[in-house]
């Protein structure tokens, strides 16, 4: 008897028709625009001005980026999973959860521990689940927090299972006004147990916060210079036999060795250490990667991911399942575009209809073997040259176990020594770690680059976007953090573009054309700053001085520019409304896109160019997760917080002043000279450009 499918894939036919029709019409209008520009340039008289040529070059670059962007909309799909059709629990494969934290001052330990507890409480067999926390700061407060989390989990996990909690992050559960239990609603037993667990959680919070206060000011260990620390949480309370018998996932604290003289490769290096340490402890065939602030909101996400990984039709080539990044602290207007609607609602479903979405840093279930490459023809010697000289780890590479027996060991000194050896800063020397194995090191965006190489190797991926968010995190809620984050992202993107792995060169012969175009769009995204700076300055100066660079209003060619403007706006509006957002969302996205283009995109591109010439070192600044009451209040009121660095504010303020002066001066010239047709034709398209209504947006 043929078994029922574990998932279903549904093409979005209506969206594809709308998208393709728009692309065809818009492309036709762009061809007409280029014909007009070229014919004007080739005419013997009058000779086009330099501003005219620069504006034309900007329009060409914007149109090229727009063309690559259309690949995302060519074949969007949606997916549905059927977890109830999975095999019995004893037949499910093991999952290792990797959680990364780097700075306990910017990433509060209590928030990190809530993420850890939510991962331990996933609706998955406890003996098939292991949770590893990478603490790149080597902070003793984080280690103490892990020990407290382990003790609290002895009560929390049985409570979650007994009453079928829908929300298994303690902080969110106890602060929620909704009933998050699948069990008998408001039963006396449930309410009594809830109050009991709440008391234990308050004690847990007090201990973690107190540890932070006592140790934070006395922390002697440098985050960039410390020895490796590996600790398996296995202490059991002796006074509660019922709790002692609770089934618990394995919980492991990992702080890799860091020395100033050795490159640590940021998050990619931390993930590779977790990959090796987990390889000798549990060696589960699948791994879940989470940021320290991205807690598990839906405990069934692991079972949903297995609906894809265990499907024999797609499993052989499937590398990872990507869930969208969603955030719990977004206000109703989302003034900073923190939810990244364009990416996770439009682009990733579109890529899912091709070869699959890009790797997005957090919230993905990866097949371990996909990070190891092809091992079929490698002997032990070659494996050691590739993976290093740990015999225990080489044995784990030979076979990806369902779940290792190491969980039942007594944290032997031999295991500790081997784990510390794997976490040492010199282990990767003369190996292929970060080059061909594990998470790759050629960019600070290890997710984007690793996913790109996997797709180049013929691997596929899946985008799973259930109605209930699988994971919820914290978005940036101030202008400065948003720009710093955007600068880092665009630095990483352009870093790959300037390398031998440029998608237009390396990817074109290894991936389908449309998939290559998707990566190509992100490769060119940092270059938005070139046409934006041009169109935010030159047309304004031309308007102020009465130099026409656009056709007159009475000219039929003016309709081409008007159509491009209106068509791009209407398409953006259709995307916003079809995803349930408001017109205010459209305005916010346009505003933030302009601000990022003239600042974050420019600084990221410049940093990548300087690094390419050896004039700058890569850096990675974690986003501050500590809530500031004043900033939060401004954000909730929908007010932009301009308490930012001068490097961010200066370009924005300069362009605003230039545009205001040019517009007022141009309008005054129009009234004085009475040349309505010439000036209006120059001024209106200029205001369209400076408002961000561009063909590619």
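Sequential numbering from 1, following the chain as shown.
Cβ coordinates are placed from backbone N, Cα and C, and glycine is handled just like the others.
Here's what TrEMBL has on this protein:
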type     : residues      : note
BINDING  : 106, 107, 136 : UDP-alpha-D-glucose binding site
ACT_SITE : 136           : active site
BINDING  : 267, 291      : Mn(2+) binding site
ACT_SITE : 447           : active site
TRANSMEM : 647-672       : transmembrane segment
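Within 10 Å of the C-beta atom of residue 107 (UDP-alpha-D-glucose binding site) sit 25 other C-beta atoms, taking all shown protein chains into account. Cα of residue 107 (UDP-alpha-D-glucose binding site) to Cα of residue 291 (Mn(2+) binding site): a distance of 10 Å. Annotation: 267 carries the greatest number of neighbouring Cβ atoms among the binding-site residues 106, 267 [cut-off 10 Å, Cβ to Cβ].
Packing around residue 447 (active site) is summarised by its Cβ count: 23 other Cβ atoms lie within 10 angstroms of its Cβ, all protein chains included. Just so you know, the Cβ of residue 291 (Mn(2+) binding site) picks up 23 other Cβ atoms within 10 Å once every protein chain is counted. Of 106, 136, 267, 291, all annotated as binding-site residues, the residue with the shortest Cα distance to residue 447 (active site) is 267. Taking only the Cα positions, the spacing between residue 291 (Mn(2+) binding site) and residue 136 (UDP-alpha-D-glucose binding site) is 13 angstrom.
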